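Data block below; observations after.
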Amino acid sequence: MAQESSINRASRRTRILNHHLVQSPSDPTSCLQSNSCLSYTPPEVTESFDFETKEMRKILDFHNLEDRDWLFRVIEQGKVFNGKERGGRMFVIPDYNQTMEQQREMTTKRIEYLLERGVFDGWLMKKGVEAELKKLAFLDVIHNFDHSLAVMLGAHFILWGGAIQFMGTKRHHDKWLRHTETFALKGCFSMTELGHGSNVRGIETVTTYDLKAGEFVINTPCESAQKYWIGGAANHATHTIVFSQLNINGVNQGVHAFIAQIRDEDGNISPNIRIADCGHKIGLNGVDNGRIWFDNLRIPRENLLNSVADVSPDGQYLSAIQDPDQRFAAFLSPLTSGRIPIATSAVFSSKVGLAIAIRYSLSRRVFSATPNGPEVLLLDYPSHQRRLLPLLAKSYAMTFGGNYLKMIYVNRTPGSAKTLHVVSSAFKAIFTWHNMRTLQECREACGGQGLKTENKIGHMKGEFDVQSTFEGDNTVLMQQVCKALLSEYVAAKKKNKPFKGLGLEHMNGPVPVIPSNLTSSILRSSQFQMNAFCLRERDLLNRFAAEVSLYQSKGKSKEHAFMLSYQLAEDLGRAFSDRAILQTFIDAEANVTAGSLKNVLGLLRAMYALICLEEDVAFLRYGYLSTGNAAAVRKEVTKLCGELRPHALALVSSLGIPDAFLGPIAFNWIDANSWSSVKH
């Protein structure tokens, strides 16, 4: 009986378990139902393309599309670029599991690989717009693969090579440029010191002239004067540009630049030079950043880069520019070239992050909107659209801004130097801030998968974080923008002449008026958007000038008055940047014929403008928008998210980024994480 009872209990338990686990799907009381395993559906299966993505890419990439595609293929095919198969696709992703030393060695091997294939031909020796644009296009592509590789090339070609090109004269060009282009020597750029970064005028390295020997003598007089963060210096560079105070006959003539050898051809550190490693960093560990001390280092007199000033054999200081401030400005003006690839690469980085996150959100589902209903695609949640689509619109807008910046640069003249400096400063700051915010949002939007290094987004944050402070701290750059705007304002008022340049011509017209009732059609009008941006910039410039003047009337120096007005300066810098970017978007849109492509650009432009209106509290703080109008803007942004949602896949497919340069979660993330993908 006991055995039978035991059998009955076991049978009853089996029936209960079976009842719970295998129920009829039609049973409305069912709490547990059997579910088939998830499967990956490519978004291309369900998403439609209402415009030609190739045409959109032409508008975005703007120049050298064939050259870009060639270099993408070169990288995809090279073993040194770490191609790996994931989910049935090949991806080229740097191996960040390597040690710092291994990453640096791979950077060197990749440079050698690209050099052998002629990638750098003409980067310094060819002149003209076409050669410059091709170089910038190649840098865009290289940034898409690995920021360390791009930064090392930037230090060698743009900083070292650019300094010789623009700050030197024929004697320097003839001796150094060809060897630089072929990597017969490896250059770096020694400006930053432990104690001075943005304040270049304050650097403490000292150079004197030995009249008898006809040589300059470079010294690091104190620990705070050691050169710091010098890319390439720790292991590889053979030569450097040294920025130093020049002391002639006991008179400090200010900061000048000199060529110095720091290693021989075999990599041995030169006499009178000490070099140390800056150590491990939160990113860019493929770059060998180093520290340099100079101990009575002697260099030939001819190694002074003398486009602005020179020292004669008999020790006379010579310069056509007598004013020290003007001489310093002329001396540093060529260095703006370094900001161009930084600004444009930041936008490309944000586009990589968005392409990965949006593609993932078009195949990843979560929760159900109805009882027992299918799980909902991430991008079908309005909240997810709000996270990503405004950032995508901003990246489109900044792409047009970056193209405008490139054209100012490659067509530069002495008369455009101020515009280039101001626009490059503003865009470098705005674009790099946008990139860091975008990568963080994309990382979070991908959940736990965003943490995986192979999915790129999380690691890109560490790689690109440096852009906020190198080649000019962003906050300092924006202050320089505001100083330039204030200078234009004071000059126009003092001379009683109309504003001309930097896009300030709108200051000459009547003050724009914002309608009291903002309808959807008004909000989407480019005229309204530009009026709102111009109103903000105009009023903030007036307020800023008035506040600085008030402080000066109370006895403050101009510099101190400017420092005390920093809050208005922050608002003004963003206002200038946003308006300039919007203008480039409107100009790009105007060149497109009517049709679906133009319609989508109109949605993106409206989204860019309105998200700027919504996010900048200055519009409410200074009363440019009423609270009711601000609410209308917020509502319209939500509507635009819904209207852009059907175009999301087409928009990221237009970015010109090959699949291999994205992360595995942008495609079949189930297969990429399957057991079969694990190395046994």
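Backbone N, Cα and C atoms are what each Cβ position is placed from, and that goes for glycine too.
Annotation source TrEMBL lists domain 'Acyl-CoA oxidase/dehydrogenase middle' at 188-296. The FAD binding site feature in TrEMBL is assigned to THR192, GLY231. TrEMBL lists 335-486 with the feature domain 'Acyl-CoA oxidase C-alpha1'. Per TrEMBL, the feature active site, proton acceptor maps to GLU471. Under the heading domain 'Acyl-CoA oxidase C-terminal', TrEMBL lists 529-663.
Features per TrEMBL, on structure.
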residue: THR192; record: FAD binding site; Cβ within 10 Å: 21
residue: GLY231; record: FAD binding site; Cβ within 10 Å: 26
residue: GLU471; record: active site, proton acceptor; Cβ within 10 Å: 25
Task: Distance [Cα-Cα, Å, rounded] between the residue listed as 'active site, proton acceptor' and THR192 (FAD binding site) - done: 10
- [ ] May I have the DSSP-based helix, strand and coil counts for the residues of the domain 'Acyl-CoA oxidase C-terminal' (529-663)?
- [x] 111 helix, 0 strand, 24 coil
TODO: Please work out the mean pLDDT for the residues of the domain 'Acyl-CoA oxidase C-alpha1' (335-486).
DONE: 95
